[in-house]
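Remarks on the structure that follows.
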Amino acid sequence: MMIQLECLSVTYPGGVQALQAVSLNFNPGEFTVILGASGSGKSTLLRCLNGLIQPTAGTITIEGYRQINDPKVLHQHRQRTGMIFQQHQLIARQTALQNVLTGRLAYHSTVRSFFPLPKADKYIALECLDRVGLLSKALARVDNLSGGQQQRVGIARALAQQPRLMLADEPVASLDPASSHKVISFLRQICQEDGIAAIMSLHQVDLAKAYADRIVGISQGRIVFDGSAADIEECELNRIYGNAENIHFDDIPSNQYPIASN
């Protein structure tokens, strides 16, 4: 077991409960999809896993004994946690290679980051681009790439961190179906080959059923399903989506999050 969440709860200012007593385990090489309606708590869960939000109650333990509320453990955890965003968060005027190299900055001091990175880091970045099928685009500016290619650069950047955990927050929401399948296929293959625990939030049930080893359904901050993709049926989907309220936790301004300290 790599990560354990025990009775995790998050309450935002005003008393809005984004997560309620969530207990989950995640294992190396496991490809998990979090399904839920907008405002169900999916993104809050991912932010907790990355240490960006401090839970109101409960614990997050990695490697069986280290809790990420310890600042030193949290720093090490973030260093080895790759994050893939819905809006890829790339630097448009830079090349694909330059963007992927930013994934290596966590391994260098702030002062060192102002200077060219070592050749070893460039080799790692090029290998990551090759693994997502974009080695030939290494020197292309990312604003000249398609949306699907840009998201694959985002995967390569996260992979350059040499992560043990990969988090993806609605990574294909803005892509067409063909690009969505390609992006998730690359991500799943890489994580399984490298033994990386992958946790991805999605809206698309068809993609979850096609690629997930495990699906976790969340509704109003509570876990309502946890099982294999083959086990999820219409009744489970009704439990996940049928009772969602029109509350969008992801729209709460970031300055109102219960943010964790560095």
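Using N, Cα and C of the backbone, Cβ positions are placed for all residues, glycine too.
Copied over from Swiss-Prot:
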{"type": "BINDING", "residues": "Gly36, Ala37, Ser38, Gly39, Ser40, Gly41, Lys42, Ser43", "note": "ATP binding site"}
{"type": "DOMAIN", "residues": "3-245", "note": "domain 'ABC transporter'"}
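Where Swiss-Prot records a feature, it is marked here on the structure.
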{"residue": "Gly36", "record": "ATP binding site", "Cβ neighbours (10 Å)": "25"}
{"residue": "Ala37", "record": "ATP binding site", "Cβ neighbours (10 Å)": "20"}
{"residue": "Ser38", "record": "ATP binding site", "Cβ neighbours (10 Å)": "15"}
{"residue": "Gly39", "record": "ATP binding site", "Cβ neighbours (10 Å)": "22"}
{"residue": "Ser40", "record": "ATP binding site", "Cβ neighbours (10 Å)": "30"}
{"residue": "Gly41", "record": "ATP binding site", "Cβ neighbours (10 Å)": "27"}
{"residue": "Lys42", "record": "ATP binding site", "Cβ neighbours (10 Å)": "29"}
{"residue": "Ser43", "record": "ATP binding site", "Cβ neighbours (10 Å)": "22"}
Item to check | Local backbone state of Ser43 (ATP binding site), from DSSP in three classes | outcome: helix
Next on the checklist: Looking at the domain 'ABC transporter' (3-245) alone, can you tell me the average pLDDT?
Outcome noted: 89
